[in-house]
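Student: This is the structure I have questions about; it appears just below.
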Amino acid sequence: MRFLAATILLLALVAASQAEPLHFKDCGSKVGVIKEVNVSPCPTDPCQLHKGQSYSVNITFTSGTQSQNSTALVHGILEGIRVPFPIPEPDGCKSGINCPIQKDKVYSYLNKLPVKNEYPSIKLVVEWKLEDDKKNNLFCWEIPVQITS
């Protein structure tokens, strides 16, 4: 099981290392500072997300607090309406972060963004938050995306 987890982590790191840093909007990182946001593959702005594919997400950030755990929340925002966007692993401590989280330490958060075939072909904003154990945002970022066939 550890070998499988290590292999997945290695593949995510390789994919993330080939990604270009994205221009993102910080949407309220209260107890952390985002250093870099990478979504791979995402060669254009806005990101073209193709239905049926999964995208690697790598966020490098510095924690401004201690926390025993962390939870990711992802939403699609369309005309001001926030719709939950399910991700495979909402537990930040299982997404490249060694918990407990320490203050002033740099972390690389790794996850996947699956784009389901049943999603409509639309433009929207993806909002991705990682909350600490007190529900404060370790990071919060937004990027515009286009879901396509």
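Glycine is no exception: its Cβ is also placed from the backbone N, Cα and C atoms.
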Student: Among Lys51, Lys94, Lys116, can you tell me which residue Swiss-Prot lists with the annotation N6-acetyllysine?
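Tutor: Out of Lys51, Lys94, Lys116, Swiss-Prot attaches the N6-acetyllysine annotation to Lys116.
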Student: Looking at Swiss-Prot, which of Asn38, Asn58 is flagged as N-linked glycosylation site?
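Tutor: Annotation hit in Swiss-Prot: Asn58.
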Student: Would you identify which of the glycosylation sites Asn58, Asn69 has the most other C-beta atoms lying within 10 angstroms of its C-beta?
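Tutor: Top count of Cβ atoms within 10 Å goes to Asn58.
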Student: Provide, as an integer number of angstrom, the distance between the C-alpha atoms of Cys140 (disulfide bond) and Lys116 (N6-acetyllysine).
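Tutor: It is 23 Å, counting Cα to Cα.
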Student: For each of Cys27, Cys47, count the other CB atoms within 10 A of its CB; which of these disulfide-bonded residues has the top count?
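Tutor: Comparing the disulfide-bonded residues Cys27, Cys47, the most crowded Cβ belongs to Cys47.
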Student: So among Cys27, Cys42, Cys47, Lys116, all listed as recorded positions, which is physically nearest to Cys93 (disulfide bond)? Use the C-alpha atoms.
Tutor: Cys27
Student: Consider the recorded positions Cys27, Cys47, Asn58, Cys99, Lys116 and say which one has the Cα lying nearest the Cα of Asn69 (N-linked glycosylation site).
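Tutor: Checking each of Cys27, Cys47, Asn58, Cys99, Lys116 against Asn69 (N-linked glycosylation site), the shortest Cα distance is to Cys99.
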